[in-house]
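Note sheet for the following structure.
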Amino acid sequence: MNVLFVCLGNICRSPIAEAMFKQMVDDAGLNGKINVDSAGTSNEEEGNGPHPGAAKTMHAHGLSTDDLISRPITRQDFDWADYIICMDNMNKYNLQRIAPAQDRDKVHLAYEVIPGKEDQEIPDPWYTHRFEDTYNSLNETLPLWLDKITKELS
């Protein structure tokens, strides 16, 4: 099962999600069964590491920032991913617009797994500098995504 996290620049939300989900997959003993990556809908930050605020938050929670390099989403990502989990409605709109028709149902908002919060967005901390809030939002949603995906592996 392949999971791709997507935000605008792939330097704030999606790399935090990637690092968190990789750790959750590892803790659950699911390495090799669930593969995790991240990308951005923009190429503006291509080649850059995580935003310093994102890196600081990841390090504070014991998450590695190694190998987290921003890149734009590609056609191959749509082929590869079983789930494309994005952070806000603009990401979702852009992904739906560029996705091949057969892959559009792979695109989901992060909060989609929480009843009553399906349309809630994870705000971009690039603007707010509230990286800990981003971590907390992801910490609310990602365990539910792991549960959902793990059930599909059975």
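Note: Cβ is positioned from N, Cα and C throughout, glycine not excepted.
According to TrEMBL, the active site, nucleophile annotation covers Cys7 (among others). DSSP assigns Cys7 (active site, nucleophile) to a strand segment in the three-state reduction.
The active site, nucleophile feature in TrEMBL is assigned to Arg13 (among others). Secondary structure at Arg13 (active site, nucleophile), as computed by DSSP, is helix.
What TrEMBL records for Asp124 is active site, proton donor. Contacts of Asp124 (active site, proton donor) defined by a Cβ separation under 8 A and a same-chain sequence distance of 6+ are given as Cys7, Leu8, Cys12, Arg13, Met87, Asp88, in order along the sequence. DSSP gives Asp124 (active site, proton donor) a coil state; it is part of no helix or strand.
As annotated by TrEMBL, domain 'Phosphotyrosine protein phosphatase I' applies to 1-148. On the 0 to 100 pLDDT scale, the domain 'Phosphotyrosine protein phosphatase I' (1-148) averages 98 in this prediction.
Taken from TrEMBL, the feature region 'Disordered' applies to 36-55. Taken residue by residue, the region 'Disordered' (36-55) breaks down under DSSP into 4 helix, 5 strand, 11 coil.
Nonlocal intrachain contacts for the region 'Disordered' (36-55), taken as residues 6+ away from its ends with a CB within less than 8 angstroms of a stretch CB, comprise 2-18, 21-22, 25, 65, 68-74, 77, 80-81, 91, 94-95, 98, 125-126, 129, 131, 134. Every protein chain considered, the tally of other Cβ atoms within 10 Å of the Cβ of Arg13 (active site, nucleophile) stands at 32.
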